[in-house]
C-alpha cells in the first residue's frame, strides 16, 4: 500500500523551491549630470557667439582704420563713401551693395538659427533626448558653415578691392585692405567647441536605476 506521505512530497517540494525568478524592476530614469552640465556650457557658448556676431566688429578696414559690425554692414554704402575719400575711383565696388543685401539676409538667418539652437539646448537640459542633441548639432553646424562663409566673403572682398588698386598701379596686399575681426574668430571657435561638446554629450544618456 502506498504511503500518503510519499505522494505529498512532490507537492511540498513545489513550495519549497528557493529560486524564484522575478523580472528586474526599474525606477524613474535618472538624469545624466554630465550631460546637463555640457548643455549649460553649450547655451553659454552659443549665446556668446550670437551676441558677438551681432555687436562686435565683423571685419576691419585697415587703410581707413575702421571696424565694421552688423549695423555697419547694413549701412555699407556709407563705408564705401569713406573709401572714396581716398580720391581713387573704386569702380564697381558700389555694385557690391546687392551682395551686401544678400549677406544681411544670411546674417538674419544666422541669428534665427542661434535662437533655435538656444531653445533646443534648453529643451535638452529638461528632457536629455538624443534626438534633440542630434538636431542641435545640425543647427550649430549650419551656423558654423555660415560663419566660415562670412570669412570667405571678407577675404574675397579684400582681394577684389586689392585688384582694383592694382589698376591704378598701387600694390596693396588683401590683408592690408580688409581683415576678419573678433566676431568671425569668436564664432568659429565657440561654435566649433559647442559642436564638439554636443558630440561628447551623446554618450551620456538618462539611466534607469535598478530597484532592489
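Just so it is clear, glycine is given a Cβ too, placed from its N, Cα and C backbone atoms.
Note that the structure is predicted; figures quoted are calculated from it, not measured.
As annotated in TrEMBL, transmembrane segment covers the listed stretch 134-154 rather than the other ranges in 71-91, 134-154.
From the options 3-27, 103-127, the stretch TrEMBL describes as transmembrane segment is 103-127. Counting Cβ pairs closer than 8 Å to the transmembrane segment (183-204), the top stretch among 32-54, 103-127, 134-154 is 32-54. Sequence-distant contacts of the transmembrane segment (134-154) (same chain, at least 6 residues past either end, Cβ-Cβ under 8 Å): 42, 46, 49, 53, 58-59, 99, 103, 106, 109-110, 113-114, 116-117, 120-121, 124, 178-180, 184, 187-188, 191-192, 194-195, 198-199, 202.
Panel annotation: around the transmembrane segment (103-127), residues 35-36, 39-40, 42-43, 46-47, 49-50, 53-54, 70, 73-74, 133, 135-136, 139-140, 142-143, 146-147, 149-150, 153 of the same chain, lying at least six beyond its termini, place a Cβ under 8 Å from a Cβ of the stretch.
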